[in-house]
Amino acid sequence: MLFLSRFFLSCDLQQPSISEMHSPDLLQYDKLIDKFDTLLFDCDGVLWRGNELIPGSKEFVEKVRKAGKQVIFVTNNASNSRNQYKAKFDKLGINVERDEIFGSAYASAVYLKYNLKFPADKKVFVVGMKGLEEELESEGIQYIGGTDPKYNTITPDIDFNAIKSGLDKDVGAVVAGFDVMLNYTKLSYAYSYLTSKEHDVKFILTNDDSTFPQSCGLFPGSGAMSSPLVVSSKRKPTVVGKPNAPMLECILKQKQLNPDRTLMIGDRLNTDISFGQHGNVKTLLVLSGVSTPEDIEKEGIYPDYIARSLKHIR
Ligand SMILES: C[C@H](OP(=O)(O)O)C(=O)O
Ligand SMILES: [Mg+2]
């Protein structure tokens, strides 16, 4: 803690003296990006909070592009598809190609198709939003649930028998992600599939982030929203998003990365920084999102670099 308090006492990322083991290497920030050919950007908490750009983020992405670097955007937020993120980037004035965007909804669809070899005649029961449905469709995977009104009724008069008798025998997986329409009916269907004695139903989470940053603060994230299924079904899901391997595998299927010349930039230690460390790339924690300096020693996760935000990297 000592070095961090000195660090912040010395204010904006000058050359503070550092003594402790494990301390992040607070190099002079000039020309940091010259060390890398590829920059992996987390989105929520790094580029934006909700729909509000974080000051300096757009300019930093432009600077990195001008320097001829490969940029890849890696988000655990499963509420949007790549198309929807492309539209968001466009609206926010950040020039991004669709194939530079890797969201946990897309990575989950890729994981089902290529890792699990999900049969074409099987269906996914979706606890999630349009973006997840779109990405399943993009990989030719059938689904039910999700935004279908039948599963989004909020009523105290639940017909439990209808749920149990109405299960679709073709469901072979439950995929749970961020879902603002989460409700007891949908959870009851998902639970019934996950605990079905008749069928082998895989359990996948797009991500398990505990919280979700908005400009006005934090809210429950996918990890919090899928915990009712984890607790009630007593099953251990496969989690696709950062820091887990399926997300990195999805990127490596399409992009060339030299780990020695790649930097992962994120705001959450236990997803973004761990993801970079698992991928043996350098990591930069920005303090514009979820994790705080105190979290570093509390979680024992030490980024290679720290910055207040992208704006502070010259
Ligand atoms: C869901 C969101 O994902 P990110 O874009 O930060 O990976 C977050 O929880 O911060
Ligand atoms: Mg983030």
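Quick reminder: no glycine exception, Cβ is built from N, Cα and C everywhere.
Taken from TrEMBL, the feature Mg(2+) binding site applies to ASP42, ASP44, ASP267. Summarising the annotation, TrEMBL assigns active site, nucleophile to ASP42. Feature annotation from TrEMBL assigns active site, proton donor to ASP44. TrEMBL lists LYS242 with the feature substrate binding site.
Cβ neighbours of ASP44 (Mg(2+) binding site) (same chain, under 8 Å, six or more residues apart in sequence): GLY50, THR75, ASN76, ASN77, PHE212, PRO213, ASP267, GLY289.
It is ASP42 that, of the binding-site residues ASP42, ASP267, has its Cβ surrounded by the most other Cβ atoms within 10 Å. Here the CA atom of ASP42 (Mg(2+) binding site) lies 10 Å from the CA atom of LYS242 (substrate binding site).
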